[in-house]
Amino acid sequence: MSNDSITIKKPFDAHVHFRRGAMLRAVAPISAQKFSAAIVMPNTDPPIETIEQAAEYKKEILAAFPAGNTFNPLMTFYLTKNLKPEEIEKGLSNGVYAVKYYPYGATTNSQWGFRDILEAKELLSEMERAGMPLLLHGEVHVDESENEVDPYQGEKQFIESVFPRLLEQYSDLKISLEHLSTKIAAEFLEKNGETGKLVATVTPHHLLYAREDVEDKPLLRCKPLIKSASDREKVRGLVAEGLPFLSAGTDSAPHPESKKFASPAAFGVFNSPVAIELYTQVFDELNALDKLEEFLSINGPRFFGIEPSKETITLVKNDWQVTEPVVTDEGVNVWPIAHKEHGLGNETIHWQIAI
Ligand code: NCD
Ligand code: ZN
């Protein structure tokens, strides 16, 4: 490692959305080129609720890669009322690595989620018994009186009013709190995080941007919403500590241009073409490049019980800009964040993967 070059094991993405069909064929190969493996989110339409569906989805993902690609897609189930405890039990030996909770109504394809995670008693008990990790979209969307919660307060409410009860009632459940976006969530993890037991993922966009910069930028509209600069500073401070229970989860969530430039814009940012580079930039800004490899390539695999990659990538300090969209084989544009025109405007990325 020098000040302008770093070689690390090939990264692991602990949270990615590939979709299906033409969108999958356009975006999955980008992840497969840059990452060694990823936890693939199950909020497709229809959702992934059985081993059979997960296997079929995995097949579609693998078919999208060029011959010889070794990327490992790790599948997940969606925590819905249709998910069966038997599938959870058998899942772990059938390529399913976790179950994902979405709060009903909070985000893209969350119509199948429970309103309150504590309603999913039988499923959570089975996961706890089987050792199947729970991935948490930790936001309260609708409160006990059925009122919609201010989306800027959803994560805070979850941490204050739901999370302690969940941890108390399922004390052996392995949990990953996804996409930390607030000071309160970062502080909670700092205090309670535990390798192999209670971990968290962080996105590039929650490390890089602040609410005041992105409120009118459709490409940066996502759940959880990007919060204030002081929230961001706390999340940045946490990753700079190099804690073993924090890992990269890009939450790359592509939508077609028609949905991103609609009003309101669909929730979800597409970042896989720039995620590793942006994480590196942030760690450089934090003088924490020595902590980058653990965060990007080691802590995630450790939680899910797989080996870190044996391949490496090298990043070099070099300014570049994103000037093009990704285009699907049906001719649909998909715009990555940090795009020169549609991101914040004239953004420059300071690190690049060397080829
Ligand atoms: C995700 C999507 O589009 O699937 N959107 C998002 O804003 N992050 C769903 C999710 O992870 O919330
Ligand atoms: Zn997501």
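Yeah, the Cβs are placed from backbone N, Cα and C, and that goes for glycine too.
TrEMBL annotates His15, His17, Asp251 as Zn(2+) 1-binding residues; of Lys100, Lys156, Lys340, the candidate listed for that same site is Lys100. Binding of substrate is attributed by TrEMBL to His17, Phe18, Arg19, Asn43, His137, and the same site annotation extends, among His255, His339, His342, to His255.
Neighbour density for Asp251 (active site): within 10 A of its CB lie 28 other CB atoms from the protein chains shown.
Close to ligand 2, meaning a Cβ under 6 Å from one of its atoms, are these of the recorded positions Phe18, Arg19, Asn43, His179, Asp251, His255: Asp251. Look at Phe18 (substrate binding site): DSSP puts it in coil.
In this structure, His17, Asn43 are the binding-site residues from His17, Asn43, Lys100 whose C-beta falls under 6 Å of some atom of ligand 1. DSSP assigns Asn43 (substrate binding site) to coil in the three-state reduction, outside any helix or strand.
For the Zn(2+) 1 site, the Cβ centre of His15, His17, Lys100, Asp251 serves as reference, and the other residues of the chain with Cβ at most 8 Å from it are Val16, Ile39, Met41, Asn43, Leu135, Glu178, His179, Gly249, Ser252, Ala253. On a Cα basis, Asp251 (active site) lies 7 Å away from His17 (Zn(2+) 1 binding site).
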